[in-house]
Amino acid sequence: RIMRPDDANVVGNVHGGTILKMIEEAGAIISTRHCNSQGGEPCVAALARVERTDFLSPMCIGEVANVSAEITYTSRHSVEVQVNVMSENILTGAKKVTNKATLWYVPLSLKNVNKVLEVPPIQYARKEQEDEGKKRYEEQKLDRLETKQRNGDVIIPVINPEPHTVGYSQSSLIHLVGPSDCTLLGFVHGGVTMKLMDEVAGIVAARHCKTNIVTASVDAINFHEKIKKGSVITISGRMTFTSNKSMEIEVFVDADPFVDEPRERYRAVSAFFTYVSLSKEGKPLPVPQLLTETEDEKRRFEEGKGRYLQTKAKRQAQMQQAAQP
Amino acid sequence: RIMRPDDANVVGNVHGGTILKMIEEAGAIISTRHCNSQGGEPCVAALARVERTDFLSPMCIGEVANVSAEITYTSRHSVEVQVNVMSENILTGAKKVTNKATLWYVPLSLKNVNKVLEVPPIQYARKEQEDEGKKRYEEQKLDRLETKQRNGDVIIPVINPEPHTVGYSQSSLIHLVGPSDCTLLGFVHGGVTMKLMDEVAGIVAARHCKTNIVTASVDAINFHEKIKKGSVITISGRMTFTSNKSMEIEVFVDADPFVDEPRERYRAVSAFFTYVSLSKEGKPLPVPQLLTETEDEKRRFEEGKGRYLQTKAKRQAQMQQAAQP
Amino acid sequence: RIMRPDDANVVGNVHGGTILKMIEEAGAIISTRHCNSQGGEPCVAALARVERTDFLSPMCIGEVANVSAEITYTSRHSVEVQVNVMSENILTGAKKVTNKATLWYVPLSLKNVNKVLEVPPIQYARKEQEDEGKKRYEEQKLDRLETKQRNGDVIIPVINPEPHTVGYSQSSLIHLVGPSDCTLLGFVHGGVTMKLMDEVAGIVAARHCKTNIVTASVDAINFHEKIKKGSVITISGRMTFTSNKSMEIEVFVDADPFVDEPRERYRAVSAFFTYVSLSKEGKPLPVPQLLTETEDEKRRFEEGKGRYLQTKAKRQAQMQQAAQP
């Protein structure tokens, strides 16, 4: 579809969250279709996880987003979908790859939302494809277990914070879940949640560096808990790390099912977003260093640095590999 | 994309206007891309006309709309696009044709919106395709000239109208044109206008018969005049004709460019919409007869009857043709 | 959240209605949460009244709206919420108070929408806070009874009106209530209604003075009647008074529950909005004088003048008080 002014920031770059929402919708369609293809109990595919996603080039107002999705692996209870987004300038004909994302879905029964159904297996062109898929499946399963730990943290507001401290840029947003935010099962679309997360992370980044910012990447996101229609969700973000030209922001989503539910507020999702600051010509700008004050902030900064260095090393390894004959 | 509650009426049928908007967006993308494909002066394709469109089967919340578009004819200054919409129930896999629509676009220069550019010719697989396209082109050109006449009419409100009279159900809506309603040229997308027209026509139909109603067809619509960002548009609808099971509603769109423009209010578009009333099981219900009072109302009723009988005759002819071996 | 192009008029000032909608959403969340905090029958807090609200400074596209809400008084069956809106320019860090609003909510049972539940009492830091709250409670109760009278009036359209007469700028809008407009109880959010009211009032003001206009204040609004999903609402506005630099517009909301309801059209809400006209530099411009023709128009003009002078006197008294040591 054509990108509109509301999809973009003031200089015309489309929000990463808008793109994540389109990606997730495409993934939900293809995996729901696949999981119902053998007849049997009708189901809706729910987003369980999005792998780390890089935004390769910014998309602009007036460009057309071409989204294509393909199922690349199926386990007994989950579907891996690869989604590619190309931006197309229909005036010049220029096309660019904006994103490649990998998403995992789980089929939930329409009649009983707590029942996970079986996934019809797909055919692989080559045996290696299945083996590689299985490896990815095992890796993400491990990673999902790990992130379950980190969920107790809260963001406490700071009065009169100093510029460039964590408290200075941290932000939160509340949203009342409406009917159009939800799937047929009455739970929030993963894409809607990611769009709100990107919105908060973008505000944190802009508050910190006071310039035009764009989403550079999103770390793997695990959707542990469903969010029901009528809930109030609080999305909070705080900066955890800055390199010379990038900022890492941690985002939490907490759900309050406070009507007709005996349940307490709970942490539904959390993730790391990386932003860069761009000049009007689209060049990366230096970013003010994050000032850490407490022990926790210093620890999180070091952890963020670890993730940053790991990603950098991985990318260099890939580039070297690509450069080899 | 997946149809959401906001796209539909209370019983879950997707509004005809939502579908028309998707059709127009697809048409605008493919024709803008085509008109810029030879380099030269950059342009945006603006909707000039939509041919009569039938809604063959209702689409529901949760279904996926598959929209495909193809360029079927080019004249020197216009492009004919054929758009097909299929609804797909991704749970059962069932697909149904919802619409087939034919749209005409004209390329306007990005630098000078009043300059119509030349359209690169397409290649035809067979000579007859070109001849048939040329025939359609000539027919629509003629029809566009004719409808230009009818444009002076206004809808005058009635105080305390009787049920089932024209004054009883007539309705109007004002809308302030926002940035997301507009193309890169700063003019309202044809699809946005059609969605608003369907909204008003639907309210007229529902006020008349007080039951669940759906769009059955839209007569050819000509877009004579562009509408600029920041304008206020008034969309008015009145019932012109009822058969046993259908209602015809005439809709006018008037634009008021009231900020920083010396221009008067003008008629931008007008069209006829046909609605049917459906029971909860999806069966057509009888419709209360329209009570005409003035001479003008009686004349419009007869004209509507003429259109109704003509369409009916055409459809029967097509069915007989289709039944022949 | 970040203000987007669609939230604002052509010169970039955010619509008052967008702000009122955010305020009401925050109020609904905090009061629904409070009313469900003691367990017992689940309920949704419905907006009963908004006190007079001044827009202290315009908000612009790209700014972030910070909305904070606090419960300041509870009676047996109602909750008073104070909401503050700050606009923050995240590029410069500048913050300004945009609004302070006071809203009253009533908890309605989720199972039986006509049953008003009891509100858990709040703790006051000082006895005077409770006494002042009680005084505000009694005052608004009185005012709500009074406004019930004024509700019979209708806006009758005028053919070919002269510029600057009441008939020249009066406007009305119809809206079909969709799922996203509604609470869990299936009734329109008060904030949605206020946004539509501001939209109509803004069009009346712009038609009158043909310049850029912004909402300056909204008089107290009482929500006497709920509006159900699937209703058609007609929002009508007419100018009642002009001072040198401001315009007062009266807005009515009428609901038509026309599908599967035996009920007649009824007046749901009415209110006065005040607008000012701003130059491109943000300076107030003089406003053309309203031309009154009928006796009713002259009477309403005088009443509007009364409200204008009263507000002016109150503001001067407050300023003097604030200036004292």
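Every residue gets a Cβ built from N, Cα and C, even glycine.
Quantities reported herein were computed from a predicted structural model and do not represent experimental measurements.
In TrEMBL, the feature region 'Disordered' is placed on A:293-325, out of the ranges A:161-193, A:293-325. Long-range Cβ contacts of the region 'Disordered' (A:293-325) within its own chain (Cβ-Cβ under 8 Å, at least 6 residues beyond either end) map to 165-167, 217, 219, 240-241, 243, 246, 248, 250, 272. In this view, A:Asp198 (active site) is surrounded by 26 other Cβ atoms within 10 Å of its Cβ, with every protein chain counted.
Across the fold, the C-alpha of A:Asp198 (active site) and the C-alpha of A:Asn9 (active site) stand 12 Å from each other. Using a 10 Å Cβ-Cβ cutoff, A:Asn9 (active site) registers 19 neighbours. Under the DSSP three-state reduction, A:Asn9 (active site) is assigned to coil, being neither helix nor strand. The secondary structure of A:Asp198 (active site), as reduced to three states from DSSP, is helical.
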